[in-house]
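Structure, as structure tokens:
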Amino acid sequence: RKGCPQSPLSVGWGHAGLTQTAKGWRTTMGNDADEEFEEVDALSEDEDGFTYEEVSVDEEEDDDLLGDDDEDLETAMRSLHGLGGIAVGAAATMAPGPAPGEVTKRPEVLDDFVRNFLVRMGLTCTLEKFETEWYELAATGRLNKEDLGVVPDVYLYNQELNDTAVNLRRELDASKAITAKATSTWDKFRKERDFHRMHHKRVGQEKNKLLTDIKRLRKHYSQYEPTITELKRKYELAMKEKMLVRLERDRLLARVEAFESESTLALKSDASVPAAGPASVARASTIATHPSKPRTANGDASIPSSTRVNPYAAVKFEPVNVQAFQLNKTFKGHLMSVSNLALHPKKSILATASDDATWKMWDLPSGDLIMSGDGHKDWVAGVNFHPQGTHLASASGDCMVKIWDFAQKRCTVTFTEHTQAVWNAAFHDSGDFLASCSLDHSARLWDLHSNRCRVTFRGHVDSVNEVCWQPFTNNIATGSSDKTVSLWDMRTGLCAQTFYGHLNSCNHVCFNVRGDTIASCDADGLVKLWDVRMVGELLSVDCGPHPANKASFDRASETVAVASDDGSVKCFSTVDGRLVAELKGHEDAVQGVVFDPSGKFLVSCGSDSTFRLWS
């Protein structure tokens, strides 16, 4: 039975049986009382008190009862065989039974049907009540099993159909949900398709418009291209003539000044008294050497004449043998990266700037600390000595430029007009002006007499990373992240010339001692040499793939040292660009490099917080 425990009634009758004894048959009924049946004689007259009479049977009557014809044993056996054949034939004509091993489904009885229904519906209390009453009826014999048949097949079939309908409804609901989701997805894709189709049409219209504009501009440019080419050629010729005229003028002025000085000394020597002659000559020499600096009415320093002569223009120095340079000493100068350095113009003293917001002065070659400056609020990016060696300028990430007086041992002037970090500062050879460059896309000229900004050089479209003076002139060179090198006139504040050719940010620019060549390096490791008079590129050397941070000429202008981001200093010839020497020793990127003016050694600094002496 499915879903119900074993009936107590069936358990009680499960062990019933018959046992033969000496007196008769005993029936065993489980736990009930034993009943005995005794064998008696049916013809005995002792017990029931009934009188039985004997009936006589004649032989004729016996013959009538048995029949006229006698039958023997063989006839009886043949009759039995005939009846057996008929039974076998009837069984053969009936439906075949189940094959061996085949599972047949027996019809479900009524009580099992009720139990299964209650279990399926979860009616446990009702099931317990039903079980109790059913077993009670069965135990008391009030349950008539003849009235209880099997459940009709139609109910079972209806139940199966009901279950199938429920499953189909569930699948239908799931299909509806999937269909609704697919419909929403299809609507979304359709909207996206319409949007992209419209966007594609708009892009096509804009493309056609741009193509039309490009054709029109190309046609317009083709009309002006010959004129521009001719004007450029005339401009280059004019610039060349201008530089040649300026060189000739400087040469003639130098001769005139030499003649005048000789004439003045000759006249004074002739007119002086013998006893007082030496004192007068010394006094005249002192006045000539340190003339009083002229000033304007508002206290500003006067801009020097542009006709000054470069004393190193005609001097030839011996080239520095960088191939013999080796690492001499290493100095741990700062707590953080050493970003820049500068050499004293008159003494063997080195100044270093660091990301630890300090600058320091060191004696060379001993490496003893002379002085340090702590006043900036952020990293110090650049330092530069005054031409007289009495002051130091420092540029910092706190947007300030400070002037430090060695005699007073303190900061005497602070310039704060820059709006972003200041990368470097450089003194004019007269000592009256200071130029600075900043991240705010500008360079500024500071007057050290009136302590104010005289000129702001604007024209770069990105950070101005370096500024330097053309020796003994009023021109400033700047290198910018807009990939250009520009030459500015401090008198007008205008850009006199722009050099194009770098493909990445220009990190540094510098002049040689003669002032006729500019070296610039960029973030691709490319170093370029520019001819100032011819306004053209002289040489291009690839020191990549690592960025080139700084460049420096030797005193003979035949070798350029480049501070590379790969931890080495690369020295190449300015004539053919051949790599002369590669100095390796830094543990991190090299941030700065400078040659000694006497040509005896080279100093480099790097992100490993050290500066190193090569000689």
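Note that the numbers count up from 1, one per residue, in the order the chain is shown.
Every residue, even glycine, has its Cβ placed from backbone N, Cα and C.
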To which of the residue ranges 6-28, 213-235, 282-304, 374-396 does TrEMBL assign the term region 'Disordered'?
282-304
Checking distant contacts: for the repeat 'WD' (415-456), what same-chain residues at least six beyond its ends satisfy Cβ-Cβ under 8 A?
293, 295, 298-301, 304, 340, 378, 381-388, 393-403, 462-469, 471-472, 476, 478, 480, 488, 490, 493
On average, what pLDDT score does this prediction assign to the repeat 'WD' (457-498)?
93
